[in-house]
């Protein structure tokens, strides 16, 4: 049997290599072996959220898998035919639900009937997109290009206890050709300022600060407040401006106003580039761009984006052309499939 062998320590050598490789292995029916998994990280090998993501894909394609345990630095994934089914996956920690969703998303392009998965873990955790970004930026953009999904957030989960719960539905999808270079210039900034097990005044302070800062920029803020109870405690704010996002997670000792300011600044920096996609969406879109072809505009090319292109090229006969883009007061890059 011929395996695609992928070096998991390439560039930033993170979990994204595993997510993209396993997803594309299931989609293309090509077996893959990933070596040196997260070799440069302090905690080497697979983390619980990676194990959960691989298990989810394994369920959907009856794969044979070797090395699927926390800490494993080598993983072999041998897929069979995709056969959608409903199931529940419990990451068992505050491991990121968003990153499991990222792994399942491309499978929409290879299934013949819908599946629904209940995922338990962390909805709003460090080093992962917040669940409201996934819902209002990632999935919305992909829906416009034919990727059909629904996401319901039932409970929020924060580090370390987790306890978040979502229902994620994926339907058979046919990807359209991408043509998404410049931002729409929409002035509407929507958002959610949320707290769990904390005083509502914190959410109100985050919203007030964000609204004041956005008004100064002549933008139109529409930010909702959400207060909930759960087994974990946390706060944060997520903003979105059509196809761009900005967010910040609350931390002990970090004033509500600072949290809001960081989220607003992140969004404004992305808006300044004039490009359609922010740096996070720039890497998430790569597998879909490979299948749909076409061109997208991004604010910057990150190592995550380069890594995703590199992994995709192991499975698909595609090449990506990156060019600087300076038209119409924009300052970013285009990525085109050639």
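From the backbone N, Cα and C atoms, a Cβ is placed for every residue, glycine too.
For the ATP site, Swiss-Prot gives 280, 281, 282, 283, 284; the one candidate out of 49, 102 that the record lists there too is 102. The separation of residue 304 (active site, tele-AMP-histidine intermediate) from residue 284 (ATP binding site), Cα to Cα, is 9 Å. Binding residues for ATP (102, 280, 281, 282, 283, 284) extend across at most 13 Å, taking the greatest CA-CA distance.
Other than 102, 280, 281, 282, 283, 284, the residues of this chain whose Cβ falls within 8 Å of the Cβ centroid of the ATP site are, in sequence order, 129, 138, 277, 278, 279, 285, 286, 304, 305. For residue 102 (ATP binding site), the same-chain residues lying six or more positions away in sequence with a CB closer than 8 A to its CB are 19, 53, 129, 134, 138, 284. If you take the Cα of residue 283 (ATP binding site) and the Cα of residue 304 (active site, tele-AMP-histidine intermediate), they are about 6 angstrom apart, rounded to a whole number.
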